[in-house]
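*Asks:* Reproduced below are the annotations present in Swiss-Prot:
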- 28, 283: substrate binding site (BINDING)
- 60, 89, 94, 120, 142: S-adenosyl-L-methionine binding site (BINDING)
């Protein structure tokens, strides 16, 4: 890593600001929502067979926007069945946002919510220590495997938490997205800081295959307008550049040679396309659905 570079995750408020800007400028949530509308009903069609309560576990659920859409699909498939929704989220700010979202949401009468202010590894440690392993019918890990230290171990643990007919749903950047060449080329020079791993869905599929897990993959097309990243002094452009590199104040703190290389590569066909004067980054995602043993 180049000295002087600090992980974006070390400045929580700047990370949250840059992440919100990323969502505004990308089709990330829209493509997830389309997947939930069109594909999720089939995926969850058998998770609640003959069960009085459906147990759901969200790992790194953020403020709950995507969670509640998935809960709605489970409710539609199993009307009147109680849902026990456990949420593991390390950000107190995001948990507060989730609780506010639940308070305003209609039709949650059969759903109970429990929030755990923890990382996934802290949750795993507590469950293992207590020796009280709840089995879950549906577990989801959306855009969070970058932030665990032991990815294979995490996959193995949460797969072991699945009930019969249970499903583990993972969403991560695709191996053919613009993120993949960026991380492959510059990962060693950007601030991992033990806080972020440059891992794609392709890496996850290899790990699952080596474990002998049964899974299916779905590709989601997504893009992000990064035009402002190339306008020096543009505040939103600086924040998006921070998000793309996971680096705090990247333009100001990165060595000139590294900064210029990355800015050049962000415009290259490996990462982006140019359309109507805008630079559109390839933000494609993959959904991996892991079956219970």
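We number each residue from 1, going along the chain as drawn.
Placement of Cβ uses the backbone N, Cα and C atoms for every residue, glycine included.
Each of these features: where is it, how hidden is it, and who are its neighbours?
*Replies:* Same-chain residues at least 6 positions away in sequence with a Cβ under 8 Å from that of residue 28 (substrate binding site) are, in sequence order, 22, 222, 224, 283, 285.
Cβ contacts within 10 Å of residue 94 (S-adenosyl-L-methionine binding site), excluding its own Cβ and spanning all protein chains shown: 20. Mapped onto three states, the DSSP output places residue 94 (S-adenosyl-L-methionine binding site) in helix.
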*Asks:* Where does residue 120 (S-adenosyl-L-methionine binding site) sit by DSSP, helix, strand or coil?
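*Replies:* The residue in question, residue 120 (S-adenosyl-L-methionine binding site), is helix (DSSP, three-state).
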*Asks:* Hey, what's the Cβ neighbour count for residue 120 (S-adenosyl-L-methionine binding site) at 10 Å?
*Replies:* 21
*Asks:* Translate the DSSP assignment of residue 142 (S-adenosyl-L-methionine binding site) into the three-state scheme.
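*Replies:* Going by the DSSP assignment, residue 142 (S-adenosyl-L-methionine binding site) falls within a strand, counted as strand.
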*Asks:* Per 10 Å Cβ neighbour count, which of the binding-site residues 60, 89, 142 ranks highest?
*Replies:* 89
*Asks:* Give me the largest Cα to Cα distance among 60, 89, 94, 120, 142, the residues the record lists as binding S-adenosyl-L-methionine, in Å as a whole number.
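*Replies:* The widest Cα-Cα gap among those binding residues is 15 Å.
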